[in-house]
Amino acid sequence: MLGVRWYGEAEFAFCMIKVITVIGFIILGIVLICGGGPNHEFVGGKYWRNPGAFANGFKGVCSVFVTAAFSFGGTEMIGLGAAESANPAKALPKAIRQVFLRITIFYLGTIVVIATLVPYNDGRLMNATSSADATTSPFVIAIVNGGVRGLPSVINAVILIAVLSVGNASVYACSRSLNSLAEQGMAPKWTGYVDRKGRPLFAIIVTNLFGLFAFIAASDKQDEAFNWLLALSGLSSIFTWMSINFSHIRFRAAMKKQGRSLDDLVFRSATGVIGSYYGLVMNFLVLAATFWLSLFPLGESPNASAFFQGYLGLPTVLVCYIGYKIYSKSWRILILAEDIDLDTGRHIPDMDLIRQEEAELASQMLQKPWWRRALAYVF
């Protein structure tokens, strides 16, 4: 409600808290793994051997695809933020580079540390063999197992801040997406209202109404309801990235067909169309694996409840797509590459000025110490 500037300021503050905490956790985790904690217990690769890694084999790996998609969702918001950025040509490449590095260091780094410190069959974990304290965070379990006192409460506080950050970012992304759909005639016109400060107020209000789902936590069926919502949102992330990859492929095809040069683009994907084809295929394989697992759930016999819980996202997407087709009375699946509009709403930048600014910035960075250059690259 405070506008994109305050959204950015809040996300910056949340991000700094999370980054400092994660870096501290990774360092602490390495110390605990090496036996430097209060318990002086050398963990090493003990839990990778007993009870072992990759439980239940390939099917067990497939069972976490949707949860992983849910956890990694949100990076696509770079594109939404770029539209309201004062200088997308400068902000977008830096943001994309930073997201890749942060996922590699923070996401994968913490996963390795947690997997080394916490066995998958720990009774405190959700869906473990024991129901004792099923909501305990693996971060907290790792610290408690290492004998560190006081810190678990700090981690829990940071987790609450992270949840607030996710909510903040989700409201921003959903409201802007709903506003964009309204402008294209794919959502009610009144959701496209934007005030003088550039805020899509009605879209924000509609988005916040979905926050009432949080009261499900007070229900006796909270675990079951959470699993349904998790499957829906996780699978939606996969469909979102499939559409992003496919859109990029069609965009490049349109540029080629219409004789446009790639030099006209302010930012180009490092992997080009090949990366989009790869992403499209991998997302399709994840969908196929999830479909197989929904038909034949892990440790259960085939049943309708398990199937729809795991694959609810597909019928939801199909209902929305077919419903729009019926409403718009347009059954054309694809627009020909030569007919795709590449100019409406496009801001044509001064490419010579942009290249000059990039050269000046690169020259300035070379004069700074290596650690300043490294920090600037990551942050």
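Including glycine, each Cβ sits where the backbone N, Cα and C put it.
The domain 'Amino acid permease/ SLC12A' annotation in TrEMBL covers 1-332. The transmembrane segment feature in TrEMBL is assigned to 12-33, 53-78, 99-120, 154-174, 201-219, 225-244, 265-294, 306-324.
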Flag the pair the transmembrane segment (225-244) / the transmembrane segment (99-120) as in contact if three or more Cβ pairs fall under 8 Å (sequence separation 6 or more).
-> no
May I ask whether the transmembrane segment (12-33) has at least three C-beta pairs under 8 Å with the transmembrane segment (99-120), counting pairs 6 or more apart in sequence?
-> yes
Chain residues outside the transmembrane segment (12-33) and at least six past its termini with a C-beta under 8 angstroms from it | 42-44, 102, 106, 109-110, 113-114, 116-117, 139, 142-143, 145-146, 148, 151, 154-155, 158, 161-162, 164-165, 168, 379
